[in-house]
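To keep things clear, I will list the structure first and then write my remarks on it.
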Amino acid sequence: MTILFLTMVISYFGCMKAAPMKEANVHGQGNLAYPAVRTHGTLESVNGPRAGSRGLTTTSLADTFEHVIEELLDEDQKVRPNEENHKDADLYTSRVMLSSQVPLEPPLLFLLEEYKNYLDAANMSMRVRRHSDPARRGELSVCDSISEWVTAADKKTAVDMSGGTVTVLEKVPVSKGQLKQYFYETKCNPMGYTKEGCRGIDKRHWNSQCRTTQSYVRALTMDSKKRIGWRFIRIDTSCVCTLTIKRGR
């Protein structure tokens, strides 16, 4: 499982040319180039030009990516909006990638969460693991959702943290050219079995509906005054069930 996870991370970094790490000015204009952009990119960039020829052990790979992961998590904490100034700070999430091609995997933090769950269960007996498997217990999601990478060409516009409508720029200038902005969106599946209501809800007593909810991510945008800068914008990030009680019965 460890080797599989590392393989997924390697492929993830292979397609990623750059990733936004810091927010110089949430609402401000700032530089077009994202501040402190890091390219962890390939094994060569992490371990030196001869890394590919001399090979790496599983242990050294694990140590390297553990260090990268710690940096990502530390930076993620630094760029979160001040909760005193932003009521929706708890809705912040990172689902943006700058790349020259469509990413092949979900965001890295999603893979980390799955790997963490695996590590938490690593010491359990086979019997416990077998009974804890959601598929074996017949667990189903209350609402059916779909997740996919979309580009700024698909989004066009978005709402920022001040409530204004901004234009989402499709490409971001970097030192060696331009990269596209990709957003990993999750929304309710219009073709799913829960389009008429949430799964498992007693319809005799409750009205239910699956709704797409949004969170904030950082993106390069342009406001109505043609000012370009990095801002927090809303994108679709989950599908939740809302309930209202039936009255008059």
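From the backbone N, Cα and C atoms, a Cβ is placed for every residue, glycine too.
Per Swiss-Prot, the feature disulfide bond maps to Cys143-Cys210, Cys188-Cys239, Cys198-Cys241. Taken from Swiss-Prot, the feature N-linked glycosylation site covers Asn123. Summarising the annotation, Swiss-Prot assigns signal peptide to 1-18.
Recorded features from Swiss-Prot, shown on the structure.
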| residue | record | CB count, 10 Å |
| --- | --- | --- |
| Cys143 | disulfide bond | 24 |
| Cys188 | disulfide bond | 21 |
| Cys198 | disulfide bond | 22 |
| Cys210 | disulfide bond | 24 |
| Cys239 | disulfide bond | 23 |
| Cys241 | disulfide bond | 19 |
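Taken residue by residue with DSSP, Cys210 (disulfide bond) is part of a strand. Secondary structure at Cys188 (disulfide bond), taken from DSSP and collapsed to helix, strand or coil, is strand. A straight line from the CA of Cys198 (disulfide bond) to the CA of Cys143 (disulfide bond) spans 6 Å. In the three-state DSSP scheme, Cys241 (disulfide bond) is classed as strand. Taking CA atoms as the reference points, Cys188 (disulfide bond) and Cys143 (disulfide bond) are 7 Å apart.
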